[in-house]
Each structure stands twice: as C-alpha cells, then as structure tokens.
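Mind looking over this structure? Questions follow.
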Amino acid sequence: MKSFIQVSPESHFPIQNLPYGVFKPDPDLQPRPAVAIGDYVLDLSVLADAGLFNGPLLSGSDCFNQPTLNKFMGMGRPAWKEARATIQKLLSEDEPTLRDNTNLRERSLVPMSKVEMLVPMTIGDYTDFFSSMHHAKNCGVIFRGPQNPINLNWYYLPIAYHGRASSVVISGTDIVRPRGQCPPSGDSLPSFGPSKKLDFELEMAAVVGPGNKLGTCIDINNATDHIFGLVLMNDWSARDIQGWEYVPLGPFLGKSFGTTISPWIVTLDALEPFACDAPKQDPPPLPYLAEKTSKNYDLQLEVQIKPSGQEPCVVTKSNFKHLYWTVTQQIAHHTINGCNLRPGDLFGTGTISGPEPESLGCLLELTWNGQKPLSLNGKSRTFLEDGDEVTFTGVCKVCHHHSLGPNENLRLAINLTVVKEMVTMLDLEHALGRYYLPHSKDGQPPLLPLSLSSSLSHPLFGSVNMKSRRRGSLSVSSTSTTVTYTFRNDNFTPTFPSPSFKEIPIKSPDRPPTPITVHFHDDHRPSTAAARIQAAYRSYVVRRLVKKIAAVKSEVDRMERVIQRQETVDALRSSDREKLKMNELLMRLLLELDSVPGFDPAVRELRRSVSHRIVALQEVVDGICRSGGFRMDAWDWDDVIGDMEERVCRERGGEELESSNQRLGVRAILRFTAGASNLCT
C-alpha cells in the first residue's frame, strides 16, 4: 500500500505505521488528536468534522474532538481497527476523497515541523517493570556479586514498582539534574547534593486501552485487547540517590524526577508484521501467566549521546525481543489481584538489555557502575553530564517475505535532552548543602558552605505580587486584579573581593550579598581562587539570563505570528475577552522580560531589542481594536513593526528605550487591569 503523500524511504511514518499522537497547531489553539504520515501531521478532528469517520463504531463519536486520546483508547480494538482502516483508505494513492480536495487537504495536513507535540493521553497511573533477564542479572552481579545475581521470585512474576505519573513528560522536555541524599562513604554521614550518577534507561512502554473493573482481572490471552500501543520511554535514574534509598521499598526520588516518552504511540496492529517468539521461560510461569502464544516484537533499539557542542555517539544497540516477561504478562499480573486499570495508564517494560556487551540498556551496565568508562569523542565518560543530549530510536526492519516491500519500514523515534539548568558547584540559586572546590590536600577538598533561601509567588492571573530591590514602583487596584510592580536597577555591578579577603561576598542579581567562606590551604592564594570563582559565577549568570531572554523572544515570535492572522484580528475587534487575553499575554511577557537584571551590557542590549518588539506588538493590537475593516494580509508586517518601534522610541525617550522602561510597564498594566475591570462589570 502506498500513500498519495510523498514519504521518504527513511521516514519513521509510512502509511503502514500511522501512529497516534496529540498536537497543537498553534500555542493558543486547543490540542487535538492526529496520526503521523511522512513529514505531516494528519488532524483527525478535521476529518471527523467532515464526517469521514462514518463506520458503525465511530460515526457520530466525538473521540477525535478531545484534547487527549483517552476516550478513543477506551473504545477498544474494534474501534481502533475501524479508525485505522478509514485513515489508511483516505491516505492511499487511489482514494480521491482527501487527495483531490484541496481545501480539506490543506486544513487536515500540517507540516510536522510547525506543530507542538504533547503527551498524548492523561496518565492516571504509571507502573515500571523489571522484565529483562540480562538487565536483572547484570545489576545483581554489580551490587550483590555473581553467586546469586537474580532473586528467586524474579523467575516467577514480573517485578514492578509504582512510578510517578505527574513527572512523565514528552520527548524534548529538558530534565533538571536531581538533588538528594547519597550513600555515606566509610564512617561519614550521607551526603546531599546533585546526583553524580545520572543515567538513562532504554525502555518501551505499553499504553492501556480499555481497563477493567475493580475486583476483576484481565485474562492473559485477552490482554492484547487492552493494549492501545507502544511508546519509547526513558526512565531517567539517579543511581547514587537510588542506591541509598531503595531498601526496603524500592525506588523513590532516584526515579520520580522525570520519565520521558515519545510523542507517537505505535499500535500493535502496525507492529504485528514484526511479531516474534518471546524467550523461553524456565521455570514455566504459573497458569495465570501462561500464554497460548507468547510473543515479542523484533524492534531494534539504539541510544546516542551527544555531549554539548560535540558530535553524537552511539553507545548501545538492543532489541525489544530480549524482554523475558512480555507486555501481556505484565497486564495479566498487574490485574490478578483485582487492581483496576484505566485508559491511558502507562506500563514501562524496564531497561531492555541484550546478551552482548554492546547491547546493554543503561550506563550503569555499560560502565559497570563507573568502573569501566566509555569513550565519547575521545573523552572518558561514566555517567551523564550537564548538557548531554540522549536520543532513543526504534526501528522495525522489513524482511523481503513481509508484504510491505523492501523499501518500506516502520520507525519509532524519540529525542531527549538531559539537563536544562547546569547544577554545579557555582549554581548558587538552586543548590543547598555542602559543595567542594576542586583543589584538595590529602584527598580532602576544602569546604565551601552555602546557605541560601528564596521564595516567589507569581500567579498568572488574579493577584501578582513581585518585590525586589529595584528602582521605582507602581500599584494598581481594580475589582478583579491587584498588581504591585517595581523596576530593576540596571546599574548593578558585582563587586570583586579584595585579594586579602577570605570571606567572598558574591552578589546574586536580585538578592543581598551572600558571604561564602572559603577555607584555602597554604599553597592556594585566596585572591586567585576568589577571582576564579567570581569570574565563573558572573559568566554563568550571564549565560542563564541570555537563555531567559531568548525564551521570551521565542514567545514574542509566536505572538507575532498569531496577531498576523485574520481570525485573530476578527476576534480582537469583536470580543472584549479576547482583547483582555491578548493584553494579559503581552503584559506577562513584559513582566518576564523585566525580571531579567541588566547588569551586563550584552544582556541590556538583548533585552532592549526584545522590549522594542513587545511594545510594537501592543501598538499593533491597539490599532486593530480601533480600526475599521482592513485585512491583516494587506500589511507589510516588517514595515509595521519598524514604524511602531521608531514611533514608540521617539515618544518614550529616544533610542535609549531602556532608560524609560517604567512608562512602558505602566501602560501595559493599566491597559490590562482596565480591561479586566470592564469585563467583570
């Protein structure tokens, strides 16, 4: 079968795949279900509104007009098969319904590069299993020795623990290095700090379709009907935190800080051509776990690590077929006690390791708990470092005896970024506890005690209260909103310590100086170390502030695209609520930008350029609300923004807009609060 849409032979999404996901075509629009085809996202809500799902099970259903796939998942395998057959027919090269309808095709097919993918279902519960014999054996040898690496119960039941559903995130979401307690060394106390053994775990996960009632169980031979599909999954692990806490109840903080899944759910119908026999189980499982046909899938898995600023390196290649306990056995065991499952529940397989050294599914095994470092681009590595990017890929290779053809394939893909904020010795805003300078004497590093605390309450709507050591102030009250707004002192410059000081006052941009006492050895001069710490900290702060401004700029770019649309113009002119919403969004961007301290010239210049654009967009919105009957597509957008910036700068103090930024904030807030008051009254 071929599609009228051109699909590259290397694409993850041929017509034989059609995985399900949920996307937003625009940040301000509602999520909607979709399938992937080639480089496009097919909007199922558009097809449903056009009445193209006209089979007996889906006709009249609103399952594709939901923000998640949960309702569709709960409808069961007959409905899934009907939907798949309908979508394949609409996309096939000899079907004119979608192919020849230009308007429908343009509304339903959205380039994948222009959409935002979301977690496709509401996950009520998440369970992570321990189903690979090779992984279980390797971990047992590492921690208990080779005499008895696998506990007896592992051979009789699929071991699992209940994970944290709230921290399951979509591919591409940054993961912050976790902090926690780590095991003591010798007679010392447990240490506290960022994990030094951050690891990935190569897993897949089953997404539950129809559930079962409380007090009933799912028969092993019917379990397939309760599995909607599979996703790739990375169960991030902090091995040092996990090693200290897991006895006697299992993982907790070493796992709960983040679990990443791929955005597309590949159905079992798509994977059926790649079914294979599961490993023989010895001893035989108990009757409730004994399947008439025990199968896995020949799905090749690969992990790449890309160090910051370097080329990616393949670190392992494994295969889904190595799982000892199948996903259907996991379903049957999970419900044998009467536990009820619900649509959207997530079942992780556990780390998928193979029998070969190059097929191990995590760094714990690949480096043998740090004893055998890997070489990445010529550098020795044991666990993940700040800035690493981890990419999982799953591919089902087509054999010639399959009906798909030699140049067609099914692919799953996931791209995971490991660390958002670098947590190091100098991360003064996020760290607690004791950290150490790198120089030591007799193996004992000099102590660097820190004690910092801060709090900020900043709800988006209703009450905003921001206080800091800033210049100028404003208070506005209305029946619906109270805003306290003050402006930052941009002339702040960190002071450098005198060479004779041992107490180094390092200033945070929005906090009083925090004394940090550094105990140096005789062969290290305080002046040199102090300057090094101060320079490193200033560089870190500047990088972080630039990153924050870049995030605001990205939001401004999206706002600009939204305002250019004719439907936005019509909504602003016809609805006070839409006008208030737009004013609120622009005010939020202005507040967020003003929270960036301008103590560095480069930061000030970058912030100034973004603030110009925010004010120009507000002027455009004002013009739309005052205007008559023009159309946005008649504008030269670059000229509009340029003219607005020039006029605003001239009215508010010339080119040095930053020197009068207080007036800009006042104008945005007054507009916002006035709109809120009018709407409420």
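Even glycines carry a Cβ here, placed using N, Cα and C.
TrEMBL does not curate its annotations; it predicts them automatically.
Heads up, here are the entries from TrEMBL:
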ACT_SITE  His135  active site, proton acceptor
BINDING   Asp128, Glu201, Glu203, Asp235  Ca(2+) binding site
BINDING   Phe130, Arg144, Gln242, Tyr246, Thr351  substrate binding site
BINDING   Asp235, Lys255, Thr259  Mg(2+) binding site
COILED    542-569  coiled coil
DOMAIN    548-625  domain 'BAG'
What counts of helix, strand and coil residues does DSSP assign across the domain 'BAG' (548-625)?
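Output for the domain 'BAG' (548-625) reads 69 helix, 0 strand, 9 coil.
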Filter the binding-site residues Gln242, Tyr246, Lys255 down to those whose C-alpha lies within 10 angstroms of the C-alpha of Asp235 (Ca(2+) binding site); answer none if the list is empty.
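Taking Gln242, Tyr246, Lys255 one by one, the ones whose Cα falls within 10 Å of Asp235 (Ca(2+) binding site) are Lys255.
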Taking the center of the Cβ atoms of Asp128, Glu201, Glu203, Asp235 at the recorded Ca(2+) site, which other residues in this chain have a Cβ no more than 8 Å from that point?
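Close Cβ neighbours, site residues excluded: Ala205, Met233, Asn234, Ser237, Lys255, Thr259, Gly348, Thr349, Gly350, Thr351.
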List which of the recorded positions His135, Glu203, Gln242, Thr351 have their Cα within 10 Å of the Cα of Lys255 (Mg(2+) binding site), in sequence order.
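Those close enough are Gln242.
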Can you tell me which of the recorded positions Asp128, His135, Glu201, Glu203 is spatially closest to Tyr246 (substrate binding site)? Compare CA atoms only.
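Among Asp128, His135, Glu201, Glu203, Asp128.
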Which one of the recorded positions (His135, Arg144, Lys255) has its C-beta surrounded by the most other C-beta atoms within 10 angstroms?
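Of the recorded positions His135, Arg144, Lys255, the highest Cβ count within 10 Å belongs to His135.
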If you count, for each of the binding-site residues Phe130, Tyr246, the other Cβ atoms lying within 10 Å of its Cβ, which residue has the minimum?
Tyr246
What average pLDDT does the predicted model assign to the coiled coil (542-569)?
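Its mean pLDDT is 86.
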From the Cα of Asp128 (Ca(2+) binding site) across to the Cα of Arg144 (substrate binding site), what is the distance in angstrom?
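About 22 Å separate the Cα atoms of these two residues.
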Relative to the Cβ position of Thr259 (Mg(2+) binding site), how many further Cβ atoms are located within 10 Å?
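I get 27 for this one.
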